[in-house]
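Peer 1: Encoded as structure tokens, here's the structure I'll be asking about.
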Amino acid sequence: MASPSICLLAALLALVAWQAIASDPSPLQDFCVADMHSPVLVNGFTCLDPKYVNADHFFKAAMLDTPRKTNKVGSNVTLINVMQILGLNTLGISIARIDYAPLGQNPPHTHPRATEILTVLEGTLYVGFVTSNPNNTLFSKVLNKGDVFVFPQGLIHFQFNPNPHQPAIAIAALNSQNPGAITIANAVFGSKPPISDIVLAKAFQVEKGTIDWLQAQFWENNHY
């Protein structure tokens with residue numbers, strides 16, 4: 001039988017490891033509703049005085065059952081995070097409805113602060129993520145209604161609706177109150193100020209004129 005000291009050490013190591021991989025800090029109280037008017041800057045938001053908290057701080061009439069208009073890449077991400085529900089502060093979770101037009105996509109992007117688990121509600125999606133250097137391995141799958149897929153934190157991933165006639169709908173849950181999103185094309189070709197076309201031409205091994213054309217495009221955001 002293991003000694004009490006070894007059991008305690010194992011428990012402490014497990015606790016430290018869990019904290020190390022957690023996306024958001026764990027709450028130290030029942031809730032910490034975000035105080036958007038506080039001048040104090042912290043990692044997240046300061047807590048509103050509990051005596052001013054009410055049920056509406058944990059609620060939003062988000063109408064996530066309502067179809068959304070998609071943009072020119074054919075998608076619309078309706079994210080519900082701490083900016084929409086102040087009660088999510090310190091709770092480490094958010095949710096999104098994603099609408100896909102026929103042949104629409106949620107283009108390659110990353111969430112720097114969250115792992116995502118996606119469930120297809122309607123239609124079919126071709127999804128995938130790419131591992132980090134040096135292997136850059138693609139893990140992809142065709143999902144149908146009711147299927148679930150996980151995108152690990154920080155890895156580039158995408159979703160595409162291969163059906164030319166029918167839209168698709170998915171719900172995604174993310175383990176951060178503010179997961180963030182970096183759409184690769186927008187960040188690389190639509191940064192403000194722009195990245196040097198010389199740098200990008202060298203990086204992508206194309207002519208500088210190709211980069212200039214790409215940077216001249218309107219890189220629309222699909223997160224609303």
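Note: Cβ is positioned from N, Cα and C throughout, glycine not excepted.
Because TrEMBL annotations are produced automatically, they should be read as predictions rather than curated entries.
Annotated oxalate binding site per TrEMBL: Asn106, His111, Glu116, in sequence order. Summarising the annotation, TrEMBL assigns Mn(2+) binding site to His109, His111, Glu116, His157. Summarising the annotation, TrEMBL assigns disulfide bond to Cys32-Cys47. The annotation domain 'Cupin type-1' is assigned in TrEMBL to 62-212. Annotation comment: TrEMBL describes 1-22 as signal peptide.
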Peer 1: For the recorded oxalate site, whose residues are Asn106, His111, Glu116, find every other residue on that chain with a C-beta no more than 8 angstroms from the centre of their C-beta atoms, and list them by sequence position.
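Peer 2: Result: Val77, Ala96, His109, Thr110, Ala114, Leu118, Phe151, His157, Ala172, Leu174, Pro179, Ala181.
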Peer 1: Other than His109, His111, Glu116, His157, which residues of the chain come within 8 Å of the Mn(2+) site, judged by Cβ distance to the Cβ centroid of those residues?
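Peer 2: For the Mn(2+) site the neighbour list reads Thr110, Ala114, Phe129, Phe151, Leu155, Ile156, Pro179, Ala181.
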Peer 1: Give me the CA-CA distance between Cys32 (disulfide bond) and Glu116 (oxalate binding site), in Å, as a whole number.
Peer 2: 23
Peer 1: Whole-number Å only: compute the distance from the Cα of Glu116 (oxalate binding site) to the Cα of Cys47 (disulfide bond).
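Peer 2: Cα-Cα distance, Glu116 (oxalate binding site) to Cys47 (disulfide bond): 26 Å.
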Peer 1: How many whole Å apart are the CA atoms of His111 (oxalate binding site) and His157 (Mn(2+) binding site)?
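Peer 2: A Cα-Cα distance of 9 Å.
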Peer 1: Give me the CA-CA distance between His109 (Mn(2+) binding site) and Cys47 (disulfide bond), in Å, as a whole number.
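Peer 2: For His109 (Mn(2+) binding site) versus Cys47 (disulfide bond), the Cα atoms are 31 Å apart.
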Peer 1: I'm trying to understand the geometry here, so how far is the Cα atom of His157 (Mn(2+) binding site) from the Cα atom of Asn106 (oxalate binding site), in Å to the nearest whole number?
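Peer 2: Their Cα atoms are separated by 9 Å.
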Peer 1: Which residues of the same chain, at least 6 positions away in sequence, have a Cβ lying under 8 Å from the Cβ of Asn106 (oxalate binding site)?
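Peer 2: Non-local contacts for Asn106 (oxalate binding site): Val73, Ser75, Val77, Ile98, Tyr100, Phe158, Gln159, Phe160, Asn222.
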Peer 1: Measure the Cβ-based neighbour count of His111 (oxalate binding site), defined as the other Cβ atoms within 10 Å of its Cβ.
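Peer 2: The Cβ of His111 (oxalate binding site) has 24 Cβ neighbours within 10 Å.
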Peer 1: Drop a 10 Å sphere on every Cβ of the disulfide-bonded residues Cys32, Cys47 and tell me which sphere holds the fewest other Cβ atoms.
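Peer 2: Taking Cys32, Cys47 as the disulfide-bonded residues, the minimal 10 Å Cβ count falls on Cys47.
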